[in-house]
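Working notes, beginning with the structure itself.
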Amino acid sequence: MRGIILALVLTLVGSQKFDIDPGFNSRRSYLYNYEGSMLNGLQDRSLGKAGVRLSSKLEISGLPENAYLLKVRSPQVEEYNGVWPRDPFTRSSKITQVISSCFTRLFKFEYSSGRIGNIYAPEDCPDLCVNIVRGILNMFQMTIKKSQNVYELQEAGIGGICHARYVIQEDRKNSRIYVTRTVDLNNCQEKVQKSIGMAYIYPCPVDVMKERLTKGTTAFSYKLKQSDSGTLITDVSSRQVYQISPFNEPTGVAVMEARQQLTLVEVRSERGSAPDVPMQNYGSLRYRFPAVLPQMPLQLIKTKNPEQRIVETLQHIVLNNQQDFHDDVSYRFLEVVQLCRIANADNLESIWRQVSDKPRYRRWLLSAVSASGTTETLKFLKNRIRNDDLNYIQTLLTVSLTLHLLQADEHTLPIAADLMTSSRIQKNPVLQQVACLGYSSVVNRYCSQTSACPKEALQPIHDLADEAISRGREDKMKLALKCIGNMGEPASLKRILKFLPISSSSAADIPVHIQIDAITALKKIAWKDPKTVQGYLIQILADQSLPPEVRMMACAVIFETRPALALITTIANVAMKESNMQVASFVYSHMKSLSKSRLPFMYNISSACNIALKLLSPKLDSMSYRYSKVIRADTYFDNYRVGATGEIFVVNSPRTMFPSAIISKLMANSAGSVADLVEVGIRVEGLADVIMKRNIPFAEYPTYKQIKELGKALQGWKELPTETPLVSAYLKILGQEVAFININKELLQQVMKTVVEPADRNAAIKRIANQIRNSIAGQWTQPVWMGELRYVVPSCLGLPLEYGSYTTALARAAVSVEGKMTPPLTGDFRLSQLLESTMQIRSDLKPSLYVHTVATMGVNTEYFQHAVEIQGEVQTRMPMKFDAKIDVKLKNLKIETNPCREETEIVVGRHKAFAVSRNIGELGVEKRTSILPEDAPLDVTEEPFQTSERASREHFAMQGPDSMPRKQSHSSREDLRRSTGKRAHKRDICLKMHHIGCQLCFSRRSRDASFIQNTYLHKLIGEHEAKIVLMPVHTDADIDKIQLEIQAGSRAAARIITEVNPESEEEDESSPYEDIQAKLKRILGIDSMFKVANKTRHPKNRPSKKGNTVLAEFGTEPDAKTSSSSSSASSTATSSSSSSASSPNRKKPMDEEENDQVKQARNKDASSSSRSSKSSNSSKRSSSKSSNSSKRSSSSSSSSSSSSRSSSSSSSSSSNSKSSSSSSKSSSSSSRSRSSSKSSSSSSSSSSSSSSKSSSSRSSSSSSKSSSHHSHSHHSGHLNGSSSSSSSSRSVSHHSHEHHSGHLEDDSSSSSSSSVLSKIWGRHEIYQYRFRSAHRQEFPKRKLPGDRATSRYSSTRSSHDTSRAASWPKFLGDIKTPVLAAFLHGISNNKKTGGLQLVVYADTDSVRPRVQVFVTNLTDSSKWKLCADASVRNAHKAVAYVKWGWDCRDYKVSTELVTGRFAGHPAAQVKLEWPKVPSNVRSVVEWFYEFVPGAAFMLGFSERMDKNPSRQARMVVALTSPRTCDVVVKLPDIILYQKAVRLPLSLPVGPRIPASELQPPIWNVFAEAPSAVLENLKARCSVSYNKIKTFNEVKFNYSMPANCYHILVQDCSSELKFLVMMKSAGEATNLKAINIKIGSHEIDMHPVNGQVKLLVDGAESPTANISLISAGASLWIHNENQGFALAAPGHGIDKLYFDGKTITIQVPLWMAGKTCGICGKYDAECEQEYRMPNGYLAKNAVSFGHSWILEEAPCRGACKLHRSFVKLEKTVQLAGVDSKCYSTEPVLRCAKGCSATKTTPVTVGFHCLPADSANSLTDKQMKYDQKSEDMQDTVDAHTTCSCENEECST
């Protein structure tokens, strides 16, 4: 039994676990070795890094109550700045000395069961030392669970309470325990972090952990030893990694790696004693930031005696930046900012007394103080403003910058509020606006850091709002609401509701723009309390009584609150029942734009909008530009987690044709954060009235009173309220409104007065002229602190890891302008004197801008800094020193400036990345290592092959101790340069201008780490530099001046001749025009440009110079490179030229518009045709000569000769022997010229192709039969085919796949099979149709049989071409003198040294306007020229081209715009051709071309791969309706097309007219299109018989009651400019009579015996050949067709036409929303067209028409109808109660004593009362029109009355 018990005891003991919670024995001391290091840099090896290493011995001894003492012995600090891992750490005695001073004393901490409690240290211990101790003790922190070996929990540590995972392994044999603890620093309940400058960046509602830029983790490995006395930690190692990926690239990251190692060395049996020094409790392990953050990690400066340091630094800045920015100016400015943060108010006051009388010192000091943002600097600035020490501009800049850069805390808020309410600020409205907006931003930043915003912070703005609404001050209301919007606090919600009509009845009188501001102020509040805000906004949106603009802004703000599906569905339901089309269009377009969003965090809203859109009508998607819309575009790059969004809100007003408000905003999101970058809004009210206001006294006309009296006869009619003119704009940056402006009526009138005021009385122009005459001189420098972004987290060592970005901008302008007038101006001069004077201006301008940005990552403490810095700077200088002479009378301008004496850097951009180390012990000494060292190893794929000898030699050289010296020999650098060639990039491009002695160069130097990882970060690392430099260039003669002269007008021709031959100036003035013309042609070299002669220039292929500098030099011959891509174009041109007609100068017929695809296909198949058929001998001779000529042209043109031969053979077979021979000679002599310039042959290619097409059909019928089965041509319409065709024509069908509409000409055999016919009649894609030019209709082809048809047609075309060529000169100078001449040249010893000459010819008064521009080199030896020509050839075609090179023949780009028909619709085609362009231009275009398909896809285009002409692009736009068009874009290898593209406005598209009915000349689209579009926008109202079409294009039928005038249309504004009344004329319903009251006239028109009689003011006018003009009223009346036309544009009637049956009225655009009557309001509200005079909507057209009838007094007029409320003649039951009902709107009834002979049913609303209720009141007393509508019923309205016993009232 005893044995059994002993065994059980042993078993239980063996199975029992030791207590594995670590701890220390209070009776012993423990000695540990500690080492911790941090390194910052990229994750790749052999790159520069910076870091620090701390090593020491730790002694831990026990105290009672689980307390222990920690003593840090022998601390050593080492720095690292070099290439990792090559370079070693270096000991820093200075930092060691500083750190040792705080570790000489003891620390105490609490420790129990593996958990660290409170930490105690001496009271004056620096925060840095306490945090380092926290990092050490953090290694002892453990949470052990005895029952689990793997578990997770949220654990407190130095970085906060974060997610930790434990894995425990036990080694019982050796009594060891191994614990692994990993901490996820991205998943923390309470993360220790501090950010500055990020208050306006808010997180996306997505998986934030996945999207973060910075990520971190820590791993701990523990070794524990178990013993009888407990478990002891013997070894701890930790490794922490923080990485930042600026571009969200997986491998493009910068890394901070920290390591810790703790090893137990010795355990002693001794006990610690309590320290004698008082200890302060510093809290737990949680890292604590110091009260004042360390200075910016850009430099370390001494903080003692900041006053002296600030003065010294300011002196250095001012003295070293007089003329230009010094290299260290940004660092010096940042130093002043840092010192100002340290200084107190007394220091700043002392400094101010020293520099207050020095303007330059003041400016730098005020800028630095504004950027400091501390409590002391804010006090200092408040004193300056209170004492009026600053002028207005300084106060404005200082207040704005200070408040927006202020550090918001509980100390700065009261001072900022005091500054805002100071008397100096309150006196000036602009200063008050800036101060209030700035203060509200301070409140926003402060409250974003706290859970509850204090009431005291909001009270100043709330008081402003209360005062504004109590006094009715609109300006204060606007300011208060914008400030509330900036703050974005829910506590302000009650104030906002006071401005909205949903909760305040008095708010209905508040202007609309104030209500809109109140709604936009809810946006930020909705981020904190979305449910409440959404409830108010949906009420506003659903309330149809509110103004549409207010409701639309409510919709916009709702979607900013990220509504759920239910709310979005509610919005769609509101829009579905909406009668206001502006609101419906806005809601629909907003939903549709959101439904297409690609942003991940918008997915829920996007999908909800997709669902809600299905509830709405698709017709809302086709609304025109008159309706409000939301335009939204966003993009997102998932690889980089970055996106951008742009939104434009277009809000239209019913009272204008154009938007009344436009709001545009740009947002960016990256790594789970979103920022509203910029938002701009513009609102316009009543501006059209101010602009269109005429000095016409409408109220003084007699018709004004008549119209006003007639209005009283209408039930409830009121004039439209006068719209208060207002122009407002605002600017938001990062979601905060920083400025806004309101321009009221008075200011608008003042501006308009200044604009329209005669120049002689314009004070502004006089002031400018006087200022120039008195000279302007000054210098201005303004530094601007753009802000800082700082993000700090603790590392496991206890050192802070900081990410930061700092940007500084400095602007400078030195101006000196002197002016002189000849003759001198008097004191009170008139502006007309300037037109007779010669002005000389001498100016010296030196503007410059410097922007410096630094991004850092690393350790930043007050004692040392070890970080990675990326520095970027951009500096621009634009010195301009010139003398100008302006002679307005002679239209001459001459500018002279100095040549390039020295190198001037216009733009310089630099970018560098370094590893930087600084410490407080060595101020001014900075260790820097480039992140990308010069000897960084290459990728293995870039390593060059080395021989064994060289390799061994290099290996031997590396064995020495100095094998990696920082200074290398020249040879080694050369080897390095060769070895690093692939990562170093260098490029220089210079544009030399020898004639002015200058060259403009662009240089780029780049060396990056992309060879390691191809990421944006690696491309950013290294050194980059780009410059644009103006440099002198060597010339034969020293240039003294550069002169630019511009001569306009009639003297331009003489000036050109004088420039070349100065002696001929006198004789030129008396020379005849022909001589001057001949001289100009000779000077410009026109003959050599345009002639097609036997001898042409042979381009020489010069060898290209190898080097990095590419010279594009004016005046020198460019390289004549013949690439493979250009040879195809040359061959096309050559083949077309070789087959030209007998006359070499014959021009291309204007109506021969052959598709270039057909041309290309013909050129391809001509060779096959020549191989399959026998050619004539003449064609062989022609092709042989053409081939030889092509071979001489260039080596790469050989491929074009075969095409030339084949084309020539098919062409020559169509001519007789004589023409064939001459054609051969012509092609032989000119093929060389044409192969290099397609322009020379383009004029004859089309006609020759036509000839070839017709003739080859006779010569190659056999080949056509053989190729008939290859045809793939599809046609629609009627097919007219011939019995045979040439193979060339056949090949056009099956290669180009052209599809024709209308009467399509089939070139194939007419015996097609049924399968082919099924394809023909099938549906075609839009890109398969062929564009048909309109001018073919002007000269149609004649279809005559046989050879006779060809002969007659060719002769007709030839004669037409001859006459057309005679009337269309190649050189415009043959009929016109130049309108402008410009000369640029250098001057040496008062002699001109050549240069450039620009000449412009223009013929704008012709039916076919044309402009020609010639740029020539004035150097005799140069033939370089540039020619440009733009012209309208006829009513349907406009062309333009640019040619340049030797005599304008080397390169060419041309474009063409043609109108015609496409797929049966009117269309326009734009064609762009580039036969030959320089290689650099081609490379840029090819780069841009890569983005075209993607952009087209995003725009909704479909694409199809196809082989199109390689050097041509064309776009066809076909109008399928007034609001839609089809678009086809054909590029060299792709076709993009889209059908039914919506147009923003309607275009005038008439019905399709058959081609046979088109008469020449067809409509001139180029001259009349703009005016036609504008005319189409104007509204028209028409009445014909019983059909009425309103201004809003609503059509309805209405039979007018007899003898009663209706208000057809009138001006309902307060001006009452006109009134048009209409009634039926007699018994005939189709005849009408009208009465017009306008100005001082009353005009009647009525039909009599089939003619229209005209009475003006009661006097009858003759009916034939009438033309009445009333100058006083701007009124015109004349005969038109069978009636009269009236025009009074100044009174609001563009045109009124009346012929007795039809009335048509057209009003101008500015009358939108101002009309009323049966024609409607002209407000685009089609659903609200039946608007009655009282403002309510009628239920049908009949009630609508009746409401606009004018009642007449009994027995005084022909109209016997009047309106009265009626009682329903039956009893109805409502809710079970018998009721009697009365109409809520009046119904037409015959007058008393009259009986109705005709009636019409109308639907009327009724208000019901109980049947037993007494009703003794009259209709007027009851006011039924103000009662609610209980039911609807139909009653009869009287339309015709018989009055035998009419009662006439006295």
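Each Cβ is built from the backbone N, Cα and C atoms, and glycine gets one as well.
Annotation comment: Swiss-Prot describes 1-15 as signal peptide, evidence class sequence analysis. Residues or ranges marked as domain 'Vitellogenin' by Swiss-Prot on the basis of sequence analysis: 24-662. Annotation comment: Swiss-Prot describes 935-984, 1115-1313, 1338-1362 as region 'Disordered'. Here Swiss-Prot flags 1122-1143, 1167-1266, 1278-1291 as compositional bias 'Low complexity'. Positions annotated as compositional bias 'Basic and acidic residues' by Swiss-Prot: 1156-1165, 1338-1350. Per Swiss-Prot, the feature compositional bias 'Basic residues' maps to 1267-1277. According to Swiss-Prot, the domain 'VWFD' annotation covers 1579-1756. Per Swiss-Prot, the feature disulfide bond maps to Cys1581-Cys1719, Cys1604-Cys1755; the stated evidence is sequence analysis.
Shown here: features listed in Swiss-Prot, placed on the structure.
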residue	record	Cβ contacts under 8 Å, 6 or more apart
Cys1581	disulfide bond	Ile1588, Lys1589, Thr1590, Phe1591, Leu1608, Val1609, Thr1704, Ile1705, Gln1706, Ile1718, Cys1719, Gly1720
Cys1604	disulfide bond	Lys1623, Ile1749, Leu1750, Glu1752, Ala1758, Cys1759, Leu1761
Cys1755	disulfide bond	Glu1846, Cys1848
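For Cys1719 (disulfide bond), the number of other Cβ atoms no farther than 10 Å from its own Cβ, over all displayed protein chains, is 29. In this structure, Cys1755 (disulfide bond) belongs to neither helix nor strand by DSSP; it is coil. Secondary structure at Cys1604 (disulfide bond), as computed by DSSP, is coil. Mean model confidence of the domain 'Vitellogenin' (24-662) amounts to 90 (pLDDT, 0 to 100 scale).
Under DSSP, Cys1719 (disulfide bond) is assigned to coil, being neither helix nor strand in the three-state scheme. According to DSSP, Cys1581 (disulfide bond) is assigned to a strand segment.
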